[in-house]
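As recorded in TrEMBL, the features of this protein are as follows:
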type     : residues : note
DOMAIN   : 75-133   : domain 'Cadherin'
DOMAIN   : 134-242  : domain 'Cadherin'
DOMAIN   : 243-347  : domain 'Cadherin'
DOMAIN   : 348-452  : domain 'Cadherin'
DOMAIN   : 453-562  : domain 'Cadherin'
DOMAIN   : 579-683  : domain 'Cadherin'
SIGNAL   : 1-29     : signal peptide
TRANSMEM : 689-714  : transmembrane segment
Amino acid sequence: MAVLQKLPQRRRLVLLCLVLAALWEAGVGQMRYSVPEEIDKGSFVGNIAKDLGLEPRELAERGVRIVSRGRTQLFALNPRGGSLVTAGRIDREELCSQSTLCLVNFNILLEDKLNIYSVEVEITDINDNAPRFGVEELELKISETTTPGFRIPLKSAHDADVGENTLQKYELNSNDHFSLDVRSGADGNKYPELVLERALDREEEAVHHLVLMALDAGDPVRSGTSRIRVMVLDANDNAPVFTQPEYRVSVPENVPVGTRILVVTATDADEGYNAQVAYFQEKTPGESSEVFELKSTSGEITITKSLDYEDAKFHEIDIEAQDGPGLLTRTKVIVTVLDVNDNAPEFYMTSATSSISEDSPPGTIIALFNVHDRDSGKNAFLTCSLPENLPFKLERSVDNYHRLVTTRALDREQFSSYNITVTAKDGGNPSLSTDAHVLLQVADINDNPPMFPHTSYSAYIPENNPRGASIISVTAHDPDSDDNAHVTYSLTEYTLQGTPLSSYISINSDTGVLYALSSFDYERFRDLQLWVTARDSGTPQLSSNVFLRLFVLDQNDNIPEILYPTLPTDGSTGVELAPRSAEPGYLVTKVVAEDKDSGQNAWLSYRLLKASEPGLFAIGLHTGEVRTQRALLDRDALKQSLVVAVQDHGQPPLSATVTLTVAIADSIPDVLADLGSLEIPHDSDASGLTLYLVVAVAAVSCIFLAFVTVLLALRVRRWYTSRLLQVSRGRLANVPASQFVGVDGVQAFLQTYSHEVSLTADSRKSHLIFPQPNYADTLISQESCEKSDFLSVPQTLLEVEEETFPQVSDEVLHFT
């Protein structure tokens with residue numbers, strides 16, 4: 001303090017703060033208290049709240065509690081006053097036996113921050129035990145020849161207390177022959193001895209009755225007494241003597257019961273009966289007398305009960321040797337128990353959690369536990385370890401406390417739970433270990449979107465499907481759990497040919513099954529492209545998409561459509577022209593058809609179902625070309641009727657038929673000549689118009705015939721050349737155009753100039769059309785000149801019965 005006063009005021013304040021801080025850190029790390037034994041339950045020991053720097057109310061709020069290693073709890077916390085109190089009666093002698101210093105250690109845990117503080121409480125002794133002798137009455141035999149000054153060791157008393165409360169002195173009642181002398185041993189104990197002050201005379205007094213009193217220095221003073229009866233004998237003036245004043249032996253704690261550990265020996269200088277020595281074990285309040293057995297005749301000491309280093313590290317045995325007349329001497333045997341590694345480490349789980357979120361940061365505390373080994377030395381040196389490849393580690397704290405913490409982020413989808421095995425191993429040989437298991441569940445968070453097993457899907461559905469038909473099932477998997485793994489499905493909406501997709505297809509939001517809401521038509525659209533979305537039910541919601549292409553499969557639901565020849569809109573039927581000079585294989589016409597289906601359903605074949613002259617015409621199976629099979633004869637009828645069937649290859653096959661009318665004539669005038677023989681109907685309303693039409697046709701035919709004659713002369717060398725007549729469908733809508741190769745080079749003229757004449761029995765329906773010339777034709781090769789020209793004639797025009805004209809009523813003749 002004098003040095004502090006010499007320092008400046010500011011430096012003194014700084015130094016004082018540093019000293020106080022050092023004292024505070026020392027106080028926080030280790031708290032020490034003292035309490036006497038045998039005080040009432042709930043007695044005050046120390047102010048824990050104050051020493052921890054807390055208010056009393058904060059003890060409960062911060063989870064302050066006492067942690068001890070499995071022993072009986074001697075102290076408790078008073079949450080109201082914030083003090084440490086006794087939890088029951090404390091017996092120092094039961095805890096620490098006769099140890100000079102009796103300390104009880106435990107820990108204080110602050111659960112909110114998992115801080116550990118060490119507490120040490122000293123149990124002070126009170127004078128609650130009086131000195132006690134092993135025997136209440138002691139009998140001594142002394143020869144009358146014993147000279148004054150002879151000493152006789154007496155039974156010593158035992159006091160369980162320590163310090164001033166333990167045995168301090170002995171007192172002997174007043175008598176004429178004996179006095180009491182107390183000697184202090186090397187161990188600090190006091191041993192009373194009876195000293196003969198005056199020679200004995202057995203005849204004067206054969207028995208002397210003495211009272212030995214043992215007293216302590218406690219408050220109040222306690223005492224114990226032992227009665228001594230001294231019998232005077234003759235001639236035995238030597239007591240037995242041990243070979244060692246004190247015996248020491250070390251024994252492992254696992255030595256078997258019945259093992260001899262030591263032999264004590266005492267000799268007596270007397271002879272005969274006075275030299276016969278017997279050994280006795282002095283009974284003490286401790287357990288040593290129950291652990292060892294002394295053979296009175298041989299002095300052998302054997303073990304009668306298993307030793308335990310953890311219960312008692314050493315044992316003291318008081319042994320007396322007594323000769324025949326009764327003289328005795330005393331020695332002490334100290335048995336040191338050696339520790340062996342017979343105790344495995346013990347776990348005390350202080351705090352542990354059973355579940356942790358998978359997004360918990362590294363360093364999250366899973367458990368706090370203490371490890372203790374009852375052995376000592378290297379047998380109690382503990383190491384704790386975890387299995388490899390686990391995302392956890394151990395952090396050592398004070399007093400063998402350990403924390404189990406995470407080392408990295410966890411993934412529930414990889415491991416949903418951990419059975420963590422913590423192994424504690426001591427340093428003994430052989431080493432002992434103990435396993436503790438911590439079962440940890442990893443709580444799920446929504447960190448995985450639903451995933452489809454394929455990047456895209458293809459599905460097929462036949463057209464004309466029933467409404468509500470199942471198309472395909474798509475399934476997405478979410479590795480999360482519970483609501484985070486509950487997947488719902490939906491379709492991305494868009495417009496298909498002006499109609500929302502939802503009008504065609506729907507999806508079951510729970511199963512992912514797609515259904516057709518309408519019947520599909522392959523001819524309308526052949527595939528659909530759509531996106532399927534899978535969403536989970538977590539927070540936040542996650543989703544993924546997959547592309548699905550739906551192909552519509554064609555069904556044979558369309559019959560072949562005849563494109564040529566076509567029926568005129570006015571109800572007439574076209575007629576094809578075949579010259580009588582046509583050679584076999586001559587191309588008369590070609591049936592053109594199409595099928596709106598596809599693939600095999602659209603493969604068409606042509607068959608000739610019916611012909612008025614069998615064997616005259618044939619049709620190509622796949623081309624539809626109608627050709628002559630033989631040369632035409634004069635006897636062949638002017639009009640030939642053919643029924644052609646067009647059939648696809650679907651299952652079942654569908655077909656369509658068309659009736660062809662072929663007029664056999666070398667030229668149009670021949671046709672007209674044949675028509676001239678027809679009788680004009682006598683219908684007064686139609687005869688006039690019909691007559692004018694016939695005259696007009698005849699005039700045009702004459703002009704046409706003259707022109708053909710001139711043309712034949714100019715193109716006689718080019719009769720092998722032909723042109724392909726192409727019908728201008730834009731101007732002559734719904735009117736079939738026929739094309740034919742004329743005889744003697746008339747083909748070019750017919751390709752550039754055409755007439756259409758419609759004749760009917762009813763003059764009001766007859767008409768004559770002169771279309772514009774068509775110059776869009778192209779030349780074809782000489783080899784293709786064999787292609788037939790097309791002559792469209794009404795189907796029933798030439799159905800003449802008995803060559804009468806009225807048979808052509810309501811029919812139309814087309815010349816092209």
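A Cβ is built for glycine as well, from the same backbone N, Cα and C atoms used for every other residue.
Taking DSSP states H, G and I as helix and E and B as strand, the domain 'Cadherin' (348-452) has 7 helix, 51 strand, 47 coil. Taken together, the residues in the domain 'Cadherin' (75-133) have a mean pLDDT of 83 on the 0 to 100 scale. Contact between the domain 'Cadherin' (453-562) and the domain 'Cadherin' (579-683) is supported: at least 3 Cβ pairs lie under 8 Å, counting only residues 6 or more apart in sequence. For the domain 'Cadherin' (579-683), residue counts in helix, strand and coil come to 13 helix, 42 strand, 50 coil, using DSSP.
Across the domain 'Cadherin' (134-242), the DSSP tally of helix, strand and coil residues reads 3 helix, 55 strand, 51 coil.
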